[in-house]
Structures are given as structure tokens and as C-alpha cells.
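Trainee: This is the structure I want to talk about, given as C-alpha cells.
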Amino acid sequence: MPSVDTGAPARTGASPERFPSSPRRVSLALFAVGLATFTLLYATQPLLPALTTDLGVTPGQASWTVSAATIGLAVAVLPLSVLSERFGRRTVMTCSLTLAVAVALALPFAPSIEALIALRALQGAAIAGIPASAMAYLADELPPRALVGAVGLFVAGNSVGGMSGRVLTGWAAEGWGWRAGLASVAVVSLVCAVVYRLLIPRARNFTPTSLRPAAVLRTVRDHLSDGLLLRLYSLGLLFMTVFGAVYTVIGYRLVAEPFGLSQGLVGSIFVIYLVGTVSSAAAGRLVERLGRRGAFYLAIGATSAGLLTSLGESLAAVLVGLVLITAGFFAGHAVASGSVSRTAKTGRAQASALYQMAYYLGSSLGASLGAVVYHAAGWSATVAFALGALVPAAGITLYATRRAPARRRPAVARSC
């Protein structure tokens with residue numbers, strides 16, 4: 001779920017006629033594209049046990065259908081954010097969504113796990129254009145009074161999509177197999193793409209900028225040499241490593257004894273994902289009451305408690321554990337991503353893109369390593385792996401509010 005910082009410069013004095021006549025249309029279009037994006041991104045996650053059985057692969061191999069997509073997104077998000085400044089946010093979003101849906105329609109026909117992984121990597125790279133462009137598009141095209149609501153709808157689309165994609169594929173796969181599960185989300189994403197295309201207006205306030213790779217690289221270098229930003233990126237990576245490991249592996253645990261859940265019921269477990277909507281919204285209040293460090297420690301504590309609770313042999317214990325893990329993860333992610341946008345004084349688009357790169361690399365690491373650990377040693381080892389990732393997160397949190405003394409450097413113009 002992306003940060004709500006737009007990464008775009010503030011506008012002053014924009015005349016009302018430069019905004020679309022119906023901000024609601026823009027908001028609904030961005031809801032549709034957000035829904036499609038996260039419906040597709042994690043669509044294979046609840047299907048991993050079925051892929052393992054049907055294609056005769058290990059959990060580690062099957063998990064690459066998740067990791068490949070998030071790696072593709074992580075690698076492509078920064079370049080696409082730069083291209084959106086040159087060719088337009090709307091153009092990049094439209095091309096990205098079109099390619100992602102086209103790949104989704106091809107996925108059910110993948111003949112092998114290798115083809116499935118390759119297509120998922122391409123799909124992840126295509127999807128990257130949407131988080132790279134959406135917030136800046138809204139900041140460009142909507143008046144301030146409509147911007148907050150539109151951003152909220154986009155983030156809601158992300159959350160609902162992340163949940164519904166997992167649930168839908170799980171239930172479709174139970175009745176007709178994993179290929180039908182992928183086909184079902186492809187159809188949903190196609191409908192979302194049509195709605196988006198019918199509603200999205202042409203950009204009125206976008207001014208193309210020339211591509212300046214050297215300026216972008218200087219800004220990225222400055223961000224990567226900022227100790228505070230690096231700590232925030234590390235926290236995003238570690239939080240997502242834990243979350244990716246848990247939600248990639250949990251399906252295997254729940255279809256096995258002593259639980260023996262069906263594919264559809266395993267998919268339904270992902271409704272818990274909506275807990276994250278509540279904890280993300282509460283993150284701002286947590287920071288106000290506890291400070292940024294206190295909010296991080298609360299998130300780490302909730303996640304750790306959830307991991308330990310999930311070791312229980314009852315389904316209730318596992319579900320309570322997942323609720324705590326989900327709430328803790330989303331709270332920590334919301335605080336970290338929001339802190340990045342406040343910490344970066346220039347080049348906020350690149351700062352946010354770097355956070356997303358770290359975040360999705362964490363998802364890839366968690367999915368792949370978590371599946372390997374589970375296959376080798378079971379759920380207890382997976383919990384130990386996740387707790388191990390939280391130990392450095394707790395250490396980093398000690399310094400997550402401290403910035404090293406600034407070095408004197410010439411100002412670098414922001415390119416995005």
C-alpha cells in the first residue's frame with residue numbers, strides 16, 4: 001500500500017477551470033486502477049499449495065510466482081516514475097494497466113512454472129507504473145479540497161484489491177483449479193481497466209519535463225547517503241519480509257493437518273488483510289501519542305505477539321496471530337512510508353520510489369526465503385525466521401528519529 005504523499009510540488013493559484021469538472025470521476029477512476037493493481041499483484045499467493053501439487057514443484061519454487069512480481073515492481077517503479085514526468089502520468093498508468101491486464105489474461109495458459117514466473121515478473125514491472133504515477137496525477141489534476149478524498153479512495157482500492165484478489169482466486173481455484181483462479185482475477189482486472197479508461201479525463205495541468213538521468217541519479221545518491229532515510233527504507237524492507245513470509249506460507253500450514261482447510265477457506269483467510277486498513281488509519285494517531293519510535297515499537301510488539309500466538313495448534317490461535325501480525329505490519333508500514341515523505345526535503349518522488357523498492361524487495365525476500373524455510377523445517381522455523389527479521393528492526397528503531405548532521409552540498413534540482 002503506497003504512501004499518501006504525492007511527491008509533487010504544491011500548486012498555488014491554479015484556476016478552477018484547469019481542474020476536471022467532476023473530481024468524483026477522477027476519484028472513481030483511480031479507485032478502479034488501485035483495485036486492479038493489487039488484485040493482480042498477489043493473485044498467486046493463495047494458490048501456492050495448488051501450484052505445488054499440480055505442477056510438481058517445491059513451495060520455494062512456487063513462491064517465485066509471488067516474488068517475481070514484486071521484484072519486477074521494485075525494479076521498475078523508479079524508472080517509470082521518471083518516465084511519467086516526461087510522457088505524462090495518465091499515459092504511463094494507462095499503458096501499465098493495459099500491459100498488466102494483457103499478461104493476466106495469458107497467465108491461465110502458462111504451460112510450466114518457469115513460464116508462470118516469467119509472466120509474473122513482466123506483470124509486476126507493468127504494475128509499477130501505477131504506484132509510480134497515481135499520486136502525482138491526483139496532485140496535478142484535483143483541487144486541494146478534493147485531493148484528500150481521492151487519495152483515500154485510491155488507497156482503499158489498493159486495500160480492497162489486495163484482499164479480494166486473494167479471496168477470489170482461492171474460491172475459484174477450489175471449484176475449478178488454479179488456472180480458473182487466475183482467470184477470475186484477470187476478468188475482474190479487465191473490468192476495472194474498462195471502468196478506468198471510461199472515467200479518466202485527459203490531464204489538464206501536466207507539463208512534460210525533459211529526461212535528466214544525471215539529475216535523477218544525483219537525487220537518488222543523496223537519498224541513499226541520508227542515514228535517516230536508509231533506516232526508514234530498512235524498516236520497510238524488514239516489516240515486509242515478515243509479512244511476505246507469513247502470508248506466503250500460511251496457506252501451506254492451513255491445508256495441512258491438523259487444520260485441513262479447503263482451498264476456498266484458505267483464500268477466505270485473507271479477509272484479515274482488511275485489518276490493515278484500520279491499523280494504517282490509526283498510525284497517525286499512534287505517532288501523535290507515542291512518537292514515531294513508540295509507534296514503531298508498538299508495531300514490532302504486535303507483530304511479534306502475533307507470530308508467537310500463531311504457533312498454537314488451534315485455528316483460533318492462528319487467526320488471532322494473523323490479526324496481530326497484519327495490524328502490526330500495516331501500522332509499521334504506514335509510519336515508515338509517511339516518515340519518508342516528511343524526511344525528504346527534495347526529490348520526494350524518488351524518495352518514495354526508493355521506499356517502494358525496499359518494501360517490495362522485502363516482500364520478495366520474505367516470500368522466497370519463508371517458503372524455503374517452511375519446506376525445510378515447518379511453521380515454527382518460519383516464525384523464528386520472521387522474529388529474526390524483527391530483531392534488527394527493533395535495533396534500527398532506536399535511531400529511526402535521528403538524523404546525522406547534514407553535510408554541506410550544493411542543492412540539486414528535483415526532477416520528479
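Using the three backbone atoms N, Cα and C, a Cβ is placed for every residue, glycine included.
Those TrEMBL annotations? Automatic predictions, nothing curated.
What TrEMBL records for this protein is below:
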type     : residues : note
DOMAIN   : 22-407   : domain 'Major facilitator superfamily (MFS) profile'
REGION   : 1-21     : region 'Disordered'
TRANSMEM : 26-44    : transmembrane segment
TRANSMEM : 64-84    : transmembrane segment
TRANSMEM : 91-111   : transmembrane segment
TRANSMEM : 117-139  : transmembrane segment
TRANSMEM : 146-164  : transmembrane segment
TRANSMEM : 176-199  : transmembrane segment
TRANSMEM : 228-252  : transmembrane segment
TRANSMEM : 264-287  : transmembrane segment
TRANSMEM : 294-311  : transmembrane segment
TRANSMEM : 317-336  : transmembrane segment
TRANSMEM : 357-377  : transmembrane segment
TRANSMEM : 383-401  : transmembrane segment
Trainee: Between the stretches 91-111, 228-252, 264-287, which one has more Cβ pairs under 8 Å with the transmembrane segment (383-401) than any other?
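Mentor: Against the transmembrane segment (383-401), the leading stretch is 228-252.
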Trainee: Can you tell me which of 117-139, 264-287, 294-311, 317-336 gets the most C-beta pairs within less than 8 Å of the transmembrane segment (228-252)?
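Mentor: It is 317-336, which has the most Cβ pairs under 8 Å.
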Trainee: Verify whether three or more Cβ pairs under 8 angstroms connect the transmembrane segment (64-84) with the transmembrane segment (117-139), leaving out any pair fewer than 6 apart in sequence.
Mentor: yes
Trainee: Kindly state the mean pLDDT of the domain 'Major facilitator superfamily (MFS) profile' (22-407) in the predicted structure.
Mentor: 88
Trainee: State, in range form, which of 26-44, 64-84, 91-111, 317-336 has the highest count of Cβ pairs under 8 Å to the transmembrane segment (357-377).
Mentor: 64-84
Trainee: If we call contact 3 or more Cβ pairs under 8 Å (sequence gap 6 or more), are the transmembrane segment (176-199) and the transmembrane segment (26-44) touching?
Mentor: yes
